[in-house]
Amino acid sequence: MSAKLIKGTEIREEILKEIEAEVKEIKEKHGKVPGLVTILVGESPASISYVTLKIQTAHRVGFKEVQDSQPVDISEADLLALIDKYNKDDSIHGILVQLPLPKHIDEKKVLNAIDPDKDVDGFHPVNVGRLMIGGSEVKFPPCTPAGIQEMIVRAGVETSGAEVVVVGRSNIVGKPIANMMLQKGPGANATVTVVHTRTKNMDEHCKRADILIVAAGVPGLVKPEWIKPGACVIDVGVNRVGEKPSAKDPNKMVAILSGDVDFDAAKEIAGSITPVPGGVGPMTITMLMLNTLKSLKFKLGLI
């Protein structure tokens, strides 16, 4: 029997509708809307595409959206001054700097210059510390881990007391989702194991998992025999493994994407599983919108 598909595309639509409704209500009662600025340095096609998607989504849910494009040769000092301007702008509640930045700019210095109360990506050291403490201290959880947790909750997967195995220890996904699953609350209270490139007998750890979260960036790393029957499998990996003609235009080639899990085989064993694409990916920008809305609500004293 095939596993239940946990589709990020469907959950995204549910959440965006909820955000849009709440934005309208806050605007009617308080005369304010969330403001999100995305700072883009240079003209990388991939970065432009991603920023455009963020701006379009912000517009859709009723935010004030600002795309601030800067030349690739902007100085570090000028970029820091720009961030300081938005830190002081009361109409802006979320500040994003699209990465990567040019080599002459210190990314760490730039990201740390963002006001932690406007750091809706959740990567400022202050917000990382808040996440570690947990509970009411958490303001802005990192977007991809937050999306994973939201998918698990909305799919009705029991986490309390569950064995969770996280494959990967990155600061962006692995470490934060492991910490979030340990916390008290919905989508948490789990017993968590993190495995990585130096882990011995990785497959034996994975076989214990009631919930297996894979964020290694290695296509097909997790084999079907690693999966516990009935487990929930969250595949965070998005790997380009080739090209194929586009269905819309056969003369145009598009990427073939693969996750970190052997999906076709795994779906015959797992109880539920995320597809690639269409699984975790759509949730990242969605949770970015939710964090920006939360920033305004913090400002208004609504939470």
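Each residue, glycine too, has its Cβ placed from N, Cα and C.
Database features (Swiss-Prot):
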BINDING   Gly168, Arg169, Ser170, Thr197, Val238  NADP(+) binding site
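The local packing around Arg169 (NADP(+) binding site), expressed as other Cβ atoms within 10 Å of its Cβ over all shown chains, amounts to 17. Between the binding-site residues Gly168, Ser170, Thr197, Val238, Gly168 has the most other Cβ atoms inside 10 Å of its own Cβ, all protein chains included.
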